[in-house]
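Below you'll find the structure, written out as structure tokens, and then a few comments.
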Amino acid sequence: LRRKPGMDRSDLFNVNAGIVRNLVEQIAVTCPKACIGIITNPVNTTVAIAAEVLKKAGVYDKNKLFGVTTLDIIRSNTFVAELKGKQPQDINVPVIGGHSGVTILPLLSQVPGISFSEQEVADLTKRIQNAGTEVVEAKAGGGSATLSMGQVPG
């Protein structure tokens, strides 16, 4: 289920949690050694659901289950580059935490060669944390942030 205007990532939980659970149950049976990258929102909780399903099936490996939040890094690099008049590929903002609102934490103090005022840190952090909502509202619910998905045969 994709986000629509007025929804946040947690609104997707009821539908997406069931989808992730069903898919991971099948993975546990058909390809128990698979590396699993989860991008389904809310990533913070869908990864935990996947882990529990894999544990229940007796095939959980903490080194093979990933929550994909690279989008937050790309957005952070882009916003910092915009603000500082640089190219996004020349910026590297470490981002820790989850992929849901205030759990997204850009480590702006760790960006090499760039300093920020307290106001810039506050404004950038808020923009990065709310970027997903900004995209959904700009698209008026008319699409998904996902370019494509694929299934690799086991």
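In case you wondered, yes, glycine gets a Cβ from its N, Cα and C as well.
From a predicted model like this one, the values you see are computed outputs, not experimental measurements.
Database features (Swiss-Prot):
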type	residues	note
ACT_SITE	HIS99	active site, proton acceptor
BINDING	ARG3, ARG9, ASN41, ARG75	substrate binding site
BINDING	ASN16, ILE39, THR40, ASN41, MET149	NAD(+) binding site
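Using CA atoms as reference points, the recorded positions ASN16, ILE39, THR40, HIS99 were checked against ARG75 (substrate binding site), and the closest is HIS99. Counting every protein chain shown, 21 other Cβ atoms lie within 10 Å of the Cβ of ASN16 (NAD(+) binding site). Across the structure, ASN16 (NAD(+) binding site) and the residue listed as 'active site, proton acceptor' place their CA atoms 15 angstrom apart. Straight-line distance linking the Cα atoms of ILE39 (NAD(+) binding site) and HIS99 (active site, proton acceptor), rounded to a whole number, equals 9 Å. Across the structure, THR40 (NAD(+) binding site) and HIS99 (active site, proton acceptor) place their CA atoms 10 angstrom apart. Distance between Cα atoms for HIS99 (active site, proton acceptor) and ASN41 (substrate binding site): 8 Å, as a whole number.
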